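Marked as active site by Swiss-Prot on the basis of sequence analysis: Glu560. The disulfide bond annotation in Swiss-Prot covers Cys454-Cys470, Cys710-Cys878, Cys980-Cys987, Cys996-Cys1008, Cys1189-Cys1202, Cys1212-Cys1266, Cys1224-Cys1235, Cys1343-Cys1396, Cys1359-Cys1370, Cys1374-Cys1407, Cys1489-Cys1499, Cys1503-Cys1551 (among others). Summarising the annotation, Swiss-Prot assigns domain 'Sushi 1' to 1210-1279. Summarising the annotation, Swiss-Prot assigns domain 'Sushi 2' to 1280-1341. Residues or ranges marked as domain 'Sushi 3' by Swiss-Prot on the basis of sequence analysis: 1342-1409. Among the features that Swiss-Prot reports, domain 'Sushi 4' is placed at 1410-1470. The domain 'Sushi 5' annotation in Swiss-Prot covers 1473-1553. Summarising the annotation, Swiss-Prot assigns N-linked glycosylation site to Asn387, Asn426, Asn516, Asn598, Asn616, Asn722, Asn822, Asn1023, Asn1219, Asn1223, Asn1320, Asn1516 (among others). Positions annotated as region 'Metalloprotease' by Swiss-Prot: 272-583.
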Amino acid sequence: MRLWSWVLRLGLLSAALGCGLAERPRRVRRDPRAVRPPRPAAGPATCATRAARGRRASPPPPPGGAWEAVRVPRRRQQRAARGAEEPSPPSRALYFSGRGEQLRLRADLELPRDAFTLQVWLRAEGGQKSPAVITGLYDKCSYTSRDRGWVMGIHTTSDQGNRDPRYFFSLKTDRARKVTTIDAHRSYLPGQWVHLAATYDGRLMKLYMNGAQVATSAEQVGGIFSPLTQKCKVLMLGGSALNHNFRGHIEHFSLWKVARTQREIVSDMETRGLHTPLPQLLLQENWDNVKRTWSPMKDGNSPQVEFSNAHGFLLDTNLEPPLCGQTLCDNTEVISSYNQLPSFRQPKVVRYRVVNIYDDHHENPTVSWQQIDFQHQQLAEAFQHYNISWELEVLNINSSSLRHRLILANCDISKIGDEKCDPECNHTLTGHDGGDCRQLRYPAFMKKQQNGVCDMDCNYERFNFDGGECCDPDITDVTKTCFDPDSPHRAYLDVNELKNILRLDGSTHLNIFFANSSEEELAGVATWPWDKEALMHLGGIVLNPSFYGIPGHTHTMIHEIGHSLGLYHIFRGISEIQSCSDPCMETEPSFETGDLCNDTNPAPKHKFCGDPGPGNDTCGFHGFFNTPYNNFMSYADDDCTDSFTPNQVSRMHCYLDLVYQSWQPSRKPAPVALAPQVVGHTMDSVMLEWFPPIDGHFFERELGSACDLCLEGRILVQYAFNASSPMPCGPSGHWSPREAEGHPDVEQPCKSSVRTWSPNSAVNPHTVPPACPEPQGCYLELEFRYPLVPESLTIWVTFVSSDWDSSGAVNDIKLLTISGKNISLGPQNVFCDIPLTIRLRDVGEEVYGIQIYTLDEHLEIDAAMLTSTVDSPLCLQCKPLQYKVLRDPPLLEDVASLLHLNRRFMDTDLKLGSVYQYRIITISGNEESEPSPAAIYTHGSGYCGDGVIQKDQGEECDDMNKVNGDGCSLFCKQEVSFNCIDEPSRCYFHDGDGMCEEFEQKTSIKDCGVYTPQGFLDQWASNASVSHQDQQCPGWVVIGQPAASQVCRTKVIDLSEGISQHAWYPCTITYPYYHLPQTTFWLQTYFSQPMVAAAVIIHLVTDGTYYGDQKQETISVQLLDTKDQSHDLGLHVLSCRNNPLIIPVVHDLSQPFYHSQAVHVSFSSPLVAISGVALRSFDNFDPVTLSSCQRGETYSPAEQSCVHFACQAADCPELAVGNASLNCSSNHHYHGAQCTVSCQTGYVLQIQRDDELIKSQVGPSITVTCTEGKWNKQVACEPVDCGIPDHHHVYAASFSCPEGTTFGRRCSFQCRHPAQLKGNNSFLTCMEDGLWSFPEALCELMCLAPPPVPNADLQTARCRENKHKVGSFCKYKCKPGYHVPGSSRKSKKRAFKTQCTQDGSWQEGTCVPVTCDPPPPKFHGLYQCTNGFQFNSECRIKCEDSDASQGRGSNIIHCRKDGTWSGSFHVCREMQGQCSAPNQLNSNLKLQCPDGYAIGSECAISCLDHNSESIILPVNLTVRDIPHWMNPTRVQRIVCTAGLQWYPHPALIHCVKGCEPFMGDNYCDAINNRAFCNYDGGDCCTSTVKTKKVTPFPMSCDLQNDCACRDPEAQEHNRKDLRGYSHG
């Protein structure tokens, strides 16, 4: 529910209105409508906001330090720097722009083969190709597989492909069958320095971030490559040969030939990678001389070498709110300070302004003075106990035009007259929703039309509001009769229209407006403090005047003010969650869930004055006790509510400091909310650093200046303040350009939000797409208040259609400069959950705006931010805030404790063992803030950050730094999913590290498998059948244990295809969720060993809840016994919160026990996905067998059967296990004896518990126990089986394994023609790790001499011999009269090259004859040619001798080698007359012959239907017979030939349906899906459509029939192997 941690967390959609407004009904209901303000008109067909949206007294209030995180690298410094104040010197870094600057290592280094460590400091830009290669080891030889080697980079981990990008490390040794990729534990953070390290020791891959181990894998084993292929390996930096290029800075780079330990990596990181040369250190780079070691790729560029200034601060000031929070005031440390320090809750005076509207004569006010005065008294009384007092200002406005109109609080005016009754718009003065809420009679409208009278029975949208007469001020009183939402005279206004008319400054007062709701149910609406509008004219509180200042209703305003000051409803955690799986559900009072107050018990929404009873919407709560029903933030009546809790009071004071300082007369600056932190010490000094003030300001605020936008370094950061687009605006205003102004406020990136601009907002859904046609597409123009020379641009693109990959959505960004020049930045790769950042350091001139272009009509843009270079002229005159350090005992007078722009202080006046308290005061002008919380430091003792864990001070870890995100927080608390060991702490992300530790046995499926309690046995499904079987979602995927990587998802829109690889769901259901008829889906799983069930366990991947619905899905479960009897286990609610679902089986003890063999599961939602079903039974205990034991028998748990009772336990037989060593506890195998079985090298344990349950154990040994004369486990050591060698193990080879493929066996290989064996040993050996040995010979692909090309001469002499390397060329030249096909008619190329390809064959090359154009059509049928129209062909027309005798020459022409004729034909003398009028025309053709019918005359031919085209078809073929693959010739005219025949013959001409003008628009149109229309421009095949996903139009078009991929040239119909390669 948060935005990104490095930028302002604002913009929670209200749980009440879904659009940023909190509301309070009149004890009846909450209004669910999203209310968005309209914008001024901007001319026809455009959508813009050309007026400023209101002045802010402060910038969008960032959390303290969040501004800084945008600009400042978070770096660990050298330990030596801890005692000094001087910043570290700048170091060099390479900047890669992502446009072909990848480097390759040119130094003659022997790259590590067996183990290595790679370390790099980098800062990545937001938005990358996926994958983006930071560095990688590749194989350049043609005779090896290209996916071998290792890569470090960034890629997306989500099925959707444009979200959740993470750092990754992938490796595939030359012996491995597949690549292993491990990912970091979270998305990468753009613009932040990070230290990455990757290690491999021949057994384990590990990835480290900032010294913390975040991922590991044991899949790859052994060496990386053999010495034989050393020369094939190339080390790349900044990208790959396939242009998977990285964008960002790379600073230090080092490569070791050993796997460094975590402690060594932490040490390397702190020394910034600078080492004295060591034998195991192969390469360390600080970019002093890049060209000496690295070279750019062919036709590539070199990255820029820059100086990077590491920030001098050691304290990470990036504080995150909890998952359910929004701003700094939700951070648990910050709000704890406000709870604990009374000084932070000192008296505050807040100004508020009541907007009271009168008529023009200053009469008939909206509310009376008595109401205003009484409400003010009640307000003052309610807040007086909490040190908040209110200063009233009343603004009287005389305007009859406003006073006589109805002001609507919660009605979207665009819904009036939309043929659907909207209760919130059902009011007398809206004509009862424009007639939509009335059953209308049909009056004689035509008789009353334009009769000069407003006829109320015709005053509805259906009758155009009486033809407009009811909105004519010359005819009627429009304040009572005008209901037309499009009329400027209408009798009602939306409350935001009122705000736009008044345009009251929201930065100095809390504005109180009055508006009505339909049926007067809505009592109030408030603006959250994190909304964009909070300090603008569109903010404030809207109240119902009928309740304002009325006894019994005065607490409504107090409730709404609570919302404005950051308070949620006390029932948020129960009644305002999206589902019972919502992470914000409150089960106990907490700072992190529900209403974020830990002194309000969970409660559901109700209006009674007492604890509520349980209800249907309480997620299993059986009762609520000690609920805060008397709280102002409940829905109880005024005679019940009377207080705020201390936590709520702290939140209100925090928001008054964070956001609303400008509402207060006091000029006191905001405090530093947290205690200063000790970041270093020496024997005689201590170093302190502290957080910025809570409001994020660094300079004194001055009216009319930009100082409130300036950060440390005098860098100006501003969001767009004016937006426009040529795209039309929707009437609701949602997705309008205005939504892209201000700071980002989308609550959930990657989900569509009305708080963004989208080009599709007002597109008519009935129009044919696309809305954004190529090549330009749609664009959004954003302007910034202050033109500046930019350093960087940040854009939040929060939604991209699944039809587009990350690179196609934003096809250009243009910078608009003051000089009038537009600078194009080109297409950009975007992620929907990571903002796009673009460096603009080279622009060098002032920019005032940007234009963002897109081809994706569903794209959504949330915000844009422009950052200046250092020392911006706009910030140079700003006065920095000062900080005063208060110490107890006090500092000496001569010690400077007053600092500015430096949040660091060194105290050298210390005594060993003395206790010191430090507080920070912020100074602005003559005003001082309240002191910060105190830091208590005992000189000579420990502190958080010294590497020693002081448990008595609450420390859980200490990694010797003050940085978050590395497993140990800056407050020395262990971070979620990390475990820290040793001192100083070494932290690792434990979930998925391959080690099953005691604390994660019950929680980590990845490391420990599915947890089974002691005494039980879980049996997973061995077979399955399903109701909706399909090859896309087969039922067999639920067999066995569920995939460890799957996470349960709730509130989904649809299920991606990737889910069907791990879980079953009814994927054949294609109709929309809302139109789904009642359907029962079922899954039945079978188990190989029938058992007495103790429980059924069901693992979910989705819980069936739909994104737009609150309904919880239920599931019905039955057990089937061995007699096919059904046993009902009841109905159960599905929830990801309770995953897996464990259903206990209760047996009726009055009935016999039964063995269960199957489980039947049924449900009704197509959004339920199940990944596994288990049957839990008692281990070594079977009640059914036990009950069958006869007299003299006893139940044996080992045998699980009845055995004859014996008083003396029997010994076990001698344990014999081949290929194993045994270590037994005794020489005698009596009852209870144990033996440890360890397999020899190359053998693996096989454990057999009974005939059906068999599994392999990877572990090296196992212990077996003698129980009642029988070993409890049957164990064998089987040889490792390497399987048939993979075809990539030796490229271009075939394998023969006559000895088998188990441990120690050998296979031979032979090179496939034309590959040549390079080396002598063509054998492979199966090794103990289950992989084949490195080959000691290779099959080098060579081409034989190229075959002769007809009609061409070989020009390259060496090509007449054999043995040509892959990639070599041979040159040919076509013989005279022949040319290369495809060359232009004007310049026919004769020379061409063929290349030796990777499969050992040559590229095809051909020479085709030169051809001449056909002679003019009037000679058709009269000439004979010796060889058609090809070179050297002779064509002649026989004329009578009289032609030659009269000197006209012979009628013979020759085709010359340049493609022209040697002459031209003439009409013979005897060829006289004219053609007869054309007949045999098809009925749908028409002919125009303006020149008559003489020889050579032409007649234009066309179709009567303008949507058809005229074509030629063969004889006896009609239009109905045309197959889709036929491309008939178009014909536009016929000509009368010299033989007095029409050509083409009119009878062969037909009319066929023409092509619709939507080819190449990314939608497959059935009418165009034929060769005649170029198969709709490629839109009907996945391989040819630009979006790589076929979208039929209309949606009902069958993808297997009319909208199928028919293009024979598409890859789908090409049998050639088209596999790509991994590793970028």
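Keep in mind that glycine also has a Cβ here, set from the backbone N, Cα and C atoms.
Sorting the domain 'Sushi 2' (1280-1341) by DSSP state (H, G, I as helix; E, B as strand; all else coil) yields 0 helix, 23 strand, 39 coil.
Using DSSP to sort the residues of the domain 'Sushi 4' (1410-1470) gives these counts of helix, strand and coil: 8 helix, 14 strand, 39 coil. Cys1499 (disulfide bond) and Cys1202 (disulfide bond) are 103 Å apart (CA-CA, integer value). Recorded residues Cys1189 (disulfide bond) and Cys1266 (disulfide bond) have their alpha carbons 23 Å apart, per Cα-Cα distance. Cα of Asn1223 (N-linked glycosylation site) to Cα of Cys987 (disulfide bond): a distance of 37 Å. The two recorded residues, Asn822 (N-linked glycosylation site) and Asn722 (N-linked glycosylation site), have Cα atoms 18 Å apart.
Sequence-distant neighbours of Cys1370 (disulfide bond) (same chain, 6+ apart, CB under 8 A from its CB) are Pro1346, Leu1354, Thr1356, Cys1359, His1364, Lys1393, Thr1394, Trp1402. Close to Cys1503 (disulfide bond) in the fold, though at least 6 residues off in sequence, lie Asn1484, Leu1485, Lys1486, Glu1509, Ser1510, Cys1551, each with a CB less than 8 Å from its CB. Residue density at Cys980 (disulfide bond): 24 other Cβ atoms are found within 10 A of its Cβ, drawing on all protein chains shown.
The least crowded of the glycosylation sites Asn598, Asn1023, Asn1223, judged by other CB atoms within 10 A of its own CB, is Asn1223. When each of the disulfide-bonded residues Cys1008, Cys1343, Cys1396 is scored by how many other Cβ atoms sit within 10 Å of its Cβ, Cys1008 comes out lowest. Remark: secondary structure over the domain 'Sushi 1' (1210-1279) totals 0 helix, 36 strand, 34 coil, with classes taken from DSSP. A straight line from the CA of Cys710 (disulfide bond) to the CA of Cys1489 (disulfide bond) spans 77 Å. Within the same chain, residues at least six positions away from Cys1489 (disulfide bond) with a Cβ under 8 Å of its Cβ are Pro1478, Ser1497, Glu1498, Cys1499, Ala1500. Cα distances from Cys996 (disulfide bond) to the recorded positions Asn387, Asn598, Cys878, Cys1343 are smallest for Asn598.
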